């Protein structure tokens, strides 16, 4: 006799203990990866913005996030792929690398990890090293909202094109340095975008600090911009670049 239940003539099977354990493991992989990103990325903000007088240039903060991502990637790629970013998870679904259920687990873990990591950092850091906007993504006051939105779309699109190339079977021979390459891509994009839109490219990264600081000014930009950029790049890569094969091309 089947152990599953029936609904509308279809059998709904109970998840096995092994499958539940797999999803728990995936959850904590993304959770701790996101914690690392927020703790060490934002820690760089505290050191560079508040310890040094005058504050050092923004590229050092950008590299803090790049190196924080590198740590997460090195540690958790073998387990969950270390997305640590809902927009990367959305791209993985569109490109057929991840199913919907896993994507939901990943996103829940990423948001939870970002909140937990930022909360832990607030406990660790003395108050003198932070203000009410500490590590909160903020657009440049000289930009219009639509300009900051476009910056987020463009930066996230570039990031997702990179992820698409990493996941592409044609890149199988160049996977050894993927953690370094993705970390440098994040650092490079953050360097050019941090002084414009805040260089989020990651809704979870923006949400954690915004929630715990109750800072919501133009926060919707960091949901809409990265998501639009992710969907655009994923669709383009799936239907234009992924099918490309010039192995039989002859002159």
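Glycine too: its Cβ is placed from the backbone N, Cα and C atoms.
Annotated features, as they stand in TrEMBL:
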- 20-40: transmembrane segment (TRANSMEM)
- 60-79: transmembrane segment (TRANSMEM)
- 100-125: transmembrane segment (TRANSMEM)
- 145-167: transmembrane segment (TRANSMEM)
- 179-200: transmembrane segment (TRANSMEM)
- 220-241: transmembrane segment (TRANSMEM)
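Counting same-chain residues at least six beyond the ends of the transmembrane segment (100-125), those with a Cβ under 8 angstroms from any Cβ of the stretch are 23, 26-39, 42-43, 46, 80, 83-86, 89-90, 92-93, 134-135, 204-205, 207-209, 211-212.
Away from its own ends, the transmembrane segment (145-167) comes close to residues 87-88, 91-92, 95, 97, 139, 175, 178, 181-182, 185-186, 189, 192-193, 196-201, 218, 221-222, 224-230, 232-234, 236-238, 241-242 of its chain (Cβ-Cβ under 8 Å, at least six residues beyond either end).
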